[in-house]
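S.K.: Before I ask anything, here is the structure I am working with.
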Amino acid sequence: QARGEAAHMDLEAGSIRPRSDGEGGGPAAGRETDDSNVWKDLFLAYKTLGVVFGGLVTSPLYVYPSMNLSSPTEADYLGIYSIMFWTLTLIGVVKYVCIALNADDHGEGGTFAMYSLLCRHADIGILPSKRVYAEEDPLLHSQSAIARRPSRLGKFFEQSITARRVLLFVAVLGMCMLIGDGILTPAISVLSAIDGIRGPFPTVSKPVVEALSAAILIGLFLLQKYGTSKVSFLFSPIMAAWTFTTPIIGLYSIVHYYPGIFKAISPYYIVHFFLRNKRQGWQLLGGTVLCITGAEAMFADLGHFSKKAIQIAFLSSIYPSLVLTYAGQTAYLINNVNDFGDGFYKFVPRPVYWPMFVVATLAAIVASQSLISATFSVIKQSVVLDYFPRVKVVHTSQHKEGEVYSPEINYILMVLCVGVILGFGGGKAIGNAFGVVVIMVMLITTVLLTLVMIIIWRTPLVLAGLYFVPFFIMEGAYVSAVFTKIPEGGWLPFAVSITLAMIMFGWYYGRQRKFEYEMTNKVSLEHLGELLARPEVQRVPGLCFFYSNIQDGLTPILSHYIKNMSSLHTVTIFVTLRSLLVAKVDQSKRILINRLGPNGVYGCTVQYGYADNLSLEGGDDLAAQVTSCLQWHIQMDTDGRRSPEEEMAQLEAARLAGVVHVRGKMRFYVGEDAGWFDKIMLGFYEFLHGICRSALPVLGMPLQQRVEIGMLYKV
C-alpha cells in the first residue's frame, strides 16, 4: 500500500482497517495491547448483560407457567428439563455462540445482515440499485478471487428469479418476526414478573397487575431516546444481580428437593418423555421452546457489541445460570407437582421472596431492552437497503455506530406492547404467541446460515449437512408444535409479520417501478450537452447540488427542470446516494467526484453501508464536504480542459453566489387503463411515500436552500 503501510486485519467487532507497520512496537507493547483488549472485552461482556441477554436469562419467569401440563409426574419433569438442557446447549452454545456469530457482515448481525452478505458474494439481490457491484469495485478489494466466484448454489440463485424472491421473502420474514419478538418480549417478561405480587397478596386483581405492567413499559419506551450505552450502564448491574442470584437459589433448591436432578441430562429421559406422553408431549414443545427465547438477540445485537464479548458473557454466566435455575425449578416441581402455574416464585425461599421480586421486576425491564435494541437495528438496516419506508434514525453514540434509535418505531412498539398486555391479559396466551416468533426466527437463521456456509465459506456439503439436518429437524419439530397454538394467541405475530411484509413489499414494488422508469428515460451526457446548447438556456450564478438515484446517467427530472426553467447553475454537481451491501464504507471512499463533460458540471457519489451513520461528521454539511472533495479533485486532475486556478475561481464564485439543493420528486399517476395490481400497489406506495421522511434532512440540508421539482409518471 501507499505510504509504506501494510494491510492488517483488525477483527475486533468485525472491522477491517489499515494499520502501519510501526503500530504496536515490540513484544512488550503487544502484551499491553493484548491486556487492554482483554479488559475491553470483559467490560463489553459485562455491558451485554444489560442489552443482549435480558430476554434469554429471564425466561425462567414464564416457561413453566406457559405449559399446559395436566397431572405431571416426576418422569415428566425430568423429560422437560432434559429437553430444555439440550435446547439451550445445541441452539445457544453450538448454533449461535460457535457458528452464527461468525456469519457477521463487518460486525453487524441478524437475518438482514446475512442476506446482504449473500448478496455481496453472489449476484442474488432483487432490487436493481442494490445489486452487488463488479469485481473491480474498490470496496470489495478485501475479498479473495475464490470468494468472488459463485458456487453452484450461488449460480442457481443467480439464474432463478423465483429462488431470489423466496430468499428475499425469507429474510424479510425473519426481520418481521424479530420485530414481533420486540413486541412480545416486553409484554410477557414484565407481566410475569409483576404477577409475583399476587403470591403474598391474592386479593390483587389481574387488571391491577396488567395496569402496573403497562405503566412500567411506557416508562421504559420513554427512556429509549437516551441510547443503549446509557441504558446498558444503568441496567447491567441489575442483570448481573439476577444472573448470579437465580442459580444460587437453584442450587439451594436442588440440594433441598432433588439432588439427583442432573441425571436428566441423559437423552434417555427425552425419549421416555415422548414415548409416554405421545401427542401431549409433542404439544408441550410449544412451552419448552420459550427457554431459548431471546437467543436471536445475541446475533441481531452484534453491531452494538463485539463477538468475543457476547461469547464470553454467554459461556461464563448466562448458560450456567440458566442450566442451574431450570434445574432448581424442576427439582422443586418434582416435589410440588401442581405448582407449575407459578413455577418461578413458588420455588423462591420465603426469606428472600421480596428481594427476588424486586430483582425479577427490574430484570424483566432489562429483558425488554434486548429485543427493543434489536428491533431498532434491523429497521435501520432495512431502511438503508431501501426495503422499508424511511423513518427517522438517530445515532445515540459517537463511538458505536450500531447504537440507533427510531422515534416512530419506538412509539409504535410501545402502543403494541401495551395493547398486547391489556388485550391478552394472561401470560399463557402471550406465551403461545411468543413461541411462534421465537422458533420461526431461529428456523430462518438456520436456513440462511446454511446458505452462508455453502456459498461464502465454501463448507463441504457433508459438513453443512451435519449442521443443517439436525437443527432443521429439531426446530421443525418445535415449529409443528407451536403452530397448534395459532388459534390461542399465535395469530398475533403472523398478523404483525403480514402487515410489515405488505409494507415492505409495497415499498419495494414502488421503488422498483420508479427505478425502471428512470433507467429507461435517463438523460445521457450527450443529451445534456444538447440541452445546454439551446439558445434559451442560461447558466445562472450559484452552486447547485442536483440529487439523482441513477448511477449511470442522469435523472429524467433534469430534462424536465431545464426545459421548464431554461437555466442551469454555473457549477452543478449531480449527487447520487449509493448504498452498498457492506456494513461500513471507509471514510476516504465515502465521496467520489468526477468531471461530466460540460463546463462546470460534475458528478458526485456519496457511498455508505447499511450500518453507516449518514449524519456527516465534524459539523460540516454535505455542501462543505463535497466542495472540499471537489477542490482536491480539481487540484489533482491535470486532464481538465481548463487550468485548475480557473476552475477553482469559478467554484468559489459560485459558492459565494449561493448554494441550492435541488431534489426531484417523481410521483406515479395511475390512469384508468392501469391494471388492478398496479392501482393497488402503486396507490399504496404513494401513500407510504407521502407519510415517510425525506432522504435529504439526514444529510444536513438547510431548509431555505432546498428546492423540490415535481414530475408525474403515468402508469
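Cβ atoms are placed via backbone N, Cα and C, with glycine included.
TrEMBL entries are annotated by machine, without manual review.
Here TrEMBL flags 1-11 as compositional bias 'Basic and acidic residues'. According to TrEMBL, the domain 'K+ potassium transporter integral membrane' annotation covers 45-528. Taken from TrEMBL, the feature domain 'K+ potassium transporter C-terminal' covers 541-714. The region 'Disordered' annotation in TrEMBL covers 1-33. The transmembrane segment feature in TrEMBL is assigned to 44-65, 77-98, 166-188, 238-261, 281-300, 312-332, 352-372, 409-427, 433-457, 464-484, 490-509.
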S.K.: Does the transmembrane segment (166-188) reach the transmembrane segment (464-484) with at least 3 CB pairs under 8 A, where each pair is 6 or more residues apart?
M.R.: no
S.K.: For the transmembrane segment (490-509) and the transmembrane segment (433-457), check the count of CB pairs under 8 Å (sequence separation 6 or more) and say whether it reaches 3 or more.
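M.R.: Contact between the transmembrane segment (490-509) and the transmembrane segment (433-457): present.
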S.K.: With contact taken as 3 or more Cβ pairs under 8 angstroms (pairs 6 or more apart in sequence), are the transmembrane segment (464-484) and the transmembrane segment (77-98) in contact?
M.R.: yes
S.K.: Which one, 44-65, 312-332, 352-372, 409-427, has the most C-beta pairs under 8 Å toward the transmembrane segment (281-300)?
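M.R.: Selected stretch: 44-65, with the most Cβ pairs under 8 Å.
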S.K.: What stretch of 77-98, 312-332, 352-372, 409-427, 433-457 shows the most Cβ pairs under 8 Å to the transmembrane segment (44-65)?
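M.R.: Most contacts with the transmembrane segment (44-65): 352-372.
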S.K.: Need one number: mean pLDDT over the domain 'K+ potassium transporter C-terminal' (541-714).
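M.R.: 81, rounded to a whole number.
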